[in-house]
Ligand code: IMP
């Protein structure tokens, strides 16, 4: 096993950070391949909680090379804040590398994100307001500024001048969102920040990664967000602006698809979503509130309460297909203890018909009603279980049903936030 991709199978927040951290100790390299500081990974080590947004969770192991890949969008201020806070807590960070091809988030991206979200006609997506979407727009519109460009003041000035002109006009005149950017100040600020982390920047991140592939090193490609937030395969337009799916690793890190050996799908035992958009198995109030409190379901990035619902087998099947999942990591099963019954959605009812293929058109999706199976709960506390055979019978039945719907085998089951709270099956 050389290249493993780890992805979220739902709307993000499945607990990928903990699984990445767990796998990281056996890896030589971890590559983050898309997204930016819209993501939030919480890793608990002993009594310390670490919240990471950009830096891959593997950074806690000094021997693991951690790469922020070309497909990521980087807010340098957030990157520096993370670097400095980890350094203060004793991590040298000599193992971090940042691709010169990664795109840079500027204040006008954040302003555009906020302005768009305020304009009703644009349709509120409920973004994290970090400027992610507008930065990817510039990338694909070929006026983005990349990390490597920050070291070339002349080029930076030229690119910034055009961007500032365009964005100021758009914000001031179309969005009624008054802005006034000072190009000299921006150049000074971004150059200063770049100088603080430029020793970590690699010009050819794809060469670095492919060299590791050729040497049969163990590499973990870490996707942020989740399949249902994928710009192509999620609940468009209520999605993020990148490709969190396994295929995104090929473009976001620069490897060939045939190099991928395993795809681990991280599955939360129930489902959550932050922001707007369809969520067929959402539970409003009652049990939804109970799951939120018990599972501490508040956004790691924005602190927003997450919407909660039952496990959705249709979403799962969609994720299995799109990502080519070979193994499952099921998280937060402990949160479901003490429930009398647990519902599992196995199909949708759409205009009188039963369907199991996820409708990616949100108007068709809005007409879908989940069809549930009822499973008996269990009362036991699972937080100290380390062997599969020690799980209550009903927990095993529930997990086996999830695996059946996912058409993949379970490799890991997480029973708590701590590193040691894990059951390994493979
Ligand atoms: P953006 O990525 O900030 O543009 O937000 C687009 C949508 O993706 C919004 O619904 C966000 O709440 C959601 N989103 C972005 N990142 C994450 C994440 O890491 N976890 C969960 N939802 C996310």
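Here the Cβ of each residue, glycine as well, is placed from N, Cα and C on the backbone.
Unlike curated records, TrEMBL annotations are generated automatically.
Per TrEMBL, these features apply:
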type	residues	note
BINDING	12-18, 40-42, 306, 332-334, 414-416	GTP binding site
ACT_SITE	13	active site, proton acceptor
BINDING	13, 40	Mg(2+) binding site
BINDING	13, 14, 15, 16, 38, 39, 40, 41, 128, 142, 225, 240, 304	IMP binding site
ACT_SITE	41	active site, proton donor
ACT_SITE	139	active site
BINDING	300, 301, 302, 303, 304, 305, 306	substrate binding site
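In sequence order, 274, 275, 298 make up the list of same-chain residues 6 or more apart from residue 304 (IMP binding site) whose Cβ falls under 8 Å from its Cβ.
The 6 Å Cβ screen around ligand 1 retains 13, 38, 128, 225 from the recorded positions 13, 18, 38, 128, 225, ordered by sequence position. A gap of 17 Å separates the Cα atoms of residue 38 (IMP binding site) and residue 139 (active site). Long-range C-beta contacts of residue 301 (substrate binding site), restricted to its own chain and to partners at least six residues apart, with a cutoff below 8 Å, comprise 37, 38, 39, 40, 53, 128, 130. When each of the binding-site residues 15, 303, 305 is scored by how many other Cβ atoms sit within 10 Å of its Cβ, 303 comes out lowest.
In this structure the alpha carbons, written CA, of residue 225 (IMP binding site) and residue 302 (substrate binding site) are 14 Å apart. Put plainly, the binding-site residues 225, 302 were compared by Cβ crowding within 10 Å, and the winner is 225.
Between the binding-site residues 42, 128, 128 has the most other Cβ atoms inside 10 Å of its own Cβ, all protein chains included. Separating the Cα atoms of residue 306 (substrate binding site) and residue 42 (GTP binding site) is a whole-number distance of 15 Å. For residue 139 (active site), the nearest of the recorded positions 12, 13, 415 in terms of C-alpha separation is 12. The secondary structure of residue 304 (IMP binding site), as reduced to three states from DSSP, is coil rather than helix or strand. With respect to residue 305 (substrate binding site), the closest of these binding-site residues in Cα terms is 12, chosen from 12, 42, 333, 415.
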